[in-house]
Amino acid sequence: MLDLSELKKKTIEDLLKIAEDLGVVSNGRMLKQEIIFHLMKKVVSDGGAAIGGGVVEILSDGFGFLRSPEANYAASGDDVYISAGQIKKFNLRTGDIVSGEIRAPSEKERYFTLVKAHSINFTDMAKLQRYVHFDDLIPLYPEERILLECNDPISVSKKDISMRVIDIVAPLGKGQRALIVAPPRAGKTIILQQIAHSISVNHPDIELIVLLIGERPEEVTDMCRSVKGEVVSSTFDEPGYRHVQLAEIVIEKAKRMVEHKKNVVILLDSITRLARAYNSVIPSSGKVLTGGVDSNALQRPKRFFGAARNIENGGSLTIIATALIETGSKMDEVIFEEFKGTGNCEIILDRKISDKRVYPAIDISKSGTRKEDMLIDSVCLKKVWLLRRLLSSMGSVEAMEFLRDKLLITKDNNEFFDMMNS
């Protein structure tokens with residue numbers, strides 16, 4: 001039995017070896033999807049069973065496909081077709097995670113077809129239960145802390161105190177809607193990688209998705225190799241509709257998981273480029289704001305960001321997104337102004353701090369979390385307020401240097417707070 005999802009995770013060299021063992025003829029110029037297609041077709045044609053899975057994307061015609069995270073949810077030749085009848089029978093929606101038995105395409109068909117579904121959203125068909133739709137769930141303030149301070153000695157340097165600073169200045173909770181406001185070369189990508197690592201180490205129960213929109217290909221590779229979680233991307237050389245399609249599938253998948261009481265974190269880099277993509281694909285309304293932004297363009301990216309919430313009786317969706325400023329583009333400034341105030345946590349990076357090579361380049365006085373008293377115990381909260389009063393009289397660079405020096409001589413934040421007593 002061959003599993004389509006497992007084949008997609010293999011390298012081309014491994015696939016060619018499997019093809020050789022099964023007697024599948026392949027030349028050296030075939031794409032990875034073509035090799036997988038011929039492998040699956042060979043197994044099914046010989047009477048073997050094949051299993052396929054992926055995330056449902058329903059098209060406007062009523063039928064749909066199972067898209068693969070390995071292909072960044074883009075349309076490819078090894079996608080699995082789902083008929084409109086099956087979609088109605090199982091009440092499938094875009095974002096559902098489906099696995100089941102598939103058959104090879106006939107002469108007039110182009111895709112594998114789902115024959116029998118085995119599980120939907122990791123639940124066996126026999127155990128499927130009713131669930132409340134995402135829009136009907138009750139949102140609450142974040143109550144459970146996402147601790148970022150990581151004591152993993154293998155991968156975290158003692159001199160790296162970025163996560164400890166965020167835990168003090170702008171603590172995160174499950175269901176947070178956080179915005180990292182960053183000028184160019186201020187270290188936002190490194191901070192995102194460290195947040196992803198801390199979540200995977202400290203909170204293995206959280207489903208982590210890193211969504212990269214409009215990034216450079218080498219940064220995507222670096223993120224894939226440094227993050228233990230799902231990393232999907234649409235690079236800067238891809239058209240705007242691809243950015244939009246990827247973002248829509250990711251947010252719908254996250255919603256389906258939250259409906260099943262899972263805790264999901266999406267790290268989005270960046271919401272500015274996502275808003276630019278929406279601006280390029282939506283039909284023109286005739287009303288254009290400053291910088292060339294259509295008045296209706298920001299509604300859908302706002303809906304994406306606004307989906308982050310803590311859910312009553314279990315489940316949460318946390319979105320930590322970066323917003324670009326000081327890029328020289330008027331459009332980026334307008335987009336940032338529209339998103340400013342929509343989150344309940346802001347981490348502001350300062351170019352003046354990064355220019356002096358002081359990291360993390362966080363502006364302590366401007367960064368913070370709403371309702372932080374629900375995440376931090378009262379004793380630590382009083383010390384955080386005392387620290388803020390002390391740092392408020394300093395400039396942004398001096399405040400960060402002062403806090404950095406104090407954190408470097410302590411092992412963790414608890415020791416730092418104990419030191420404040422003395």
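Every residue, even glycine, has its Cβ placed from backbone N, Cα and C.
Just so it is clear, the model here is predicted, and its values are computed rather than measured.
Summarising the annotation, Swiss-Prot assigns domain 'Rho RNA-BD' to 49-124 and lists sequence analysis as the type of evidence. Across the residues of the domain 'Rho RNA-BD' (49-124), the predicted structure has a mean pLDDT of 87.
Around ARG177 (ATP binding site), the same-chain residues at least 6 positions away in sequence with a Cβ under 8 Å from its Cβ are PHE305, GLY306, ALA308, ARG309, THR318, ILE319, THR342, GLY343, ASN344, CYS345. Per Swiss-Prot, the feature ATP binding site maps to GLY173, LYS174, GLY175, GLN176, ARG177, ALA178, ARG185, ALA186, GLY187, LYS188, THR189, ILE190, ARG216; the stated evidence is sequence analysis.
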Helix, strand and coil counts within the domain 'Rho RNA-BD' (49-124) (DSSP): 9 helix, 34 strand, 33 coil
Cα-Cα distance maximum in Å, computed over every pair in GLY173, LYS174, GLY175, GLN176, ARG177, ALA178, ARG185, ALA186, GLY187, LYS188, THR189, ILE190, ARG216 that the record assigns to ATP: 30
Neighbouring C-beta atoms (10 Å sphere around the C-beta of GLY175 (ATP binding site)): 26
Fewest Cβ neighbours within 10 Å, where candidates are the binding-site residues GLY173, GLY187: GLY187
